Amino acid sequence: WSRKFASRSLRLHRLKSTGSTAPREPEQSLGIIGVPFAKGQAKQGVELAPDLLRQSSLRQVLQSSHDGLVIRDYGNLQYAVDEPLLQQQRVHYHHIRNYADFMACNRALIEQVKLMLVENTQFLAIGGDHAIGFGSVAGHLQHTPNLSLVWIDAHADINLHSTSQSGNIHGMPVSFLLEQLRNTWQHAGLQEIAPNCLPKDQLVYIGLRDIDPYEAFILNKVGIRYYAMDTIDRVGVPKIIEMTLDALNPQNKIHVSFDIDALDSNVAPSTGTAVRGGLTLREGISIVEALRDTKRVQGVDLVEINPKLGSERDVRTTVESGLEILKSMFGYRRSGRWSNIDTGILGSD
């Protein structure tokens, strides 16, 4: 019996060594956190997006895109507003909508991101509105100080509390991350909750087409790379991808913060601040594919899907677009792929 077992083991070893089965992809683990935060702007409904994406087979879509992906869903983020934050809001930031909630949510998200990166190789934060981008990137920076950020959005989200006309804090999260703008938030306690800043030369915007005057001034004054839609139309997405990757430190991990309104409203109509003339779905997929192929993407946000806006068809179209972006971000290849299959079906060479 032992001789038969040894002989069978040898045959199996030889079968594997001849390459008759495709190699298994290296295991990667993805932590998912839903952040149903809707207080960064005035339109309710965006808080429903995390659960809607789950109900729309998010896990199955991601699992099918990468055979070696282990997914851990951490549920939806919980947070509580304390009195010191309410005092900050009353005294210093009363003209901003829901500042205390914004900061409480993002403080909790910072800790959650740090936890997920200890336990996983990548994480995905599902909004909610784009106000969560502060906590997601700030938590990522605490775990991985050498970080590059690609912010894919119709909007720059870099307003200050003193420049925002609406007071909607989903238009401000990037301003909390840059060292050059920290002194404009001197009462926010950023040194304690988010001590690591993002270098200005490691931030790239793609898809901008609705930039407030003060935001345009800040972008140019600070010297931040941004590729608005007029530039994309002029040089094309492949060149934009090339310039973006050239700008990013090749040693850095990458955080991709994707606002669904970066896509044209024809393919993403159910969002709070839709702007026509955006990226096509193919262009959005091409961008995230190129970033994915660097093998350095460690954190991803998908935000601003609002199922209370538009028709049932609009919502379905928007959710499907979001899933296509995530599917490509985490492994799906339009050119096809194979793994864990019997490669001997056509015979030996």
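These residue numbers are counts, starting from 1, taken along the chain as shown.
Keep in mind that glycine also has a Cβ here, set from the backbone N, Cα and C atoms.
What TrEMBL says about a protein is an automatic prediction, not a curated fact.
Small disclaimer: the values here were computed from a predicted structure and weren't measured.
Residues annotated as Mn(2+) binding site in TrEMBL: HIS130, ASP153, HIS155, ASP157, ASP259, ASP261.
Neighbour count (other Cβ atoms within 10 Å of the Cβ, all protein chains): 25 for HIS155 (Mn(2+) binding site). The Cβ of ASP259 (Mn(2+) binding site) has 26 other Cβ atoms within 10 Å, all protein chains considered. For ASP261 (Mn(2+) binding site), the same-chain residues 6+ apart in sequence whose C-beta sits under 8 angstroms from its C-beta are ASP153, ALA154, HIS155, ALA268, THR271, GLY272, THR273, ALA274, VAL275, GLY278, GLU304.
Apart from the site residues HIS130, ASP153, HIS155, ASP157, ASP259, ASP261, the chain places the Cβ of TRP151, ALA154, ALA156, HIS170, GLY171, ALA262, THR273, VAL303, GLU304 no farther than 8 Å from the centroid of the site's Cβ atoms, the recorded Mn(2+) location. A sphere of 10 angstroms centred on the C-beta of HIS130 (Mn(2+) binding site) encloses 33 other C-beta atoms. The Cβ of ASP157 (Mn(2+) binding site) lies under 8 Å from the Cβ of HIS130, GLY133, TRP151, HIS170, GLY171, MET172, PRO173, VAL174, SER175, ASP259, each of which sits 6+ residues away along the same chain.
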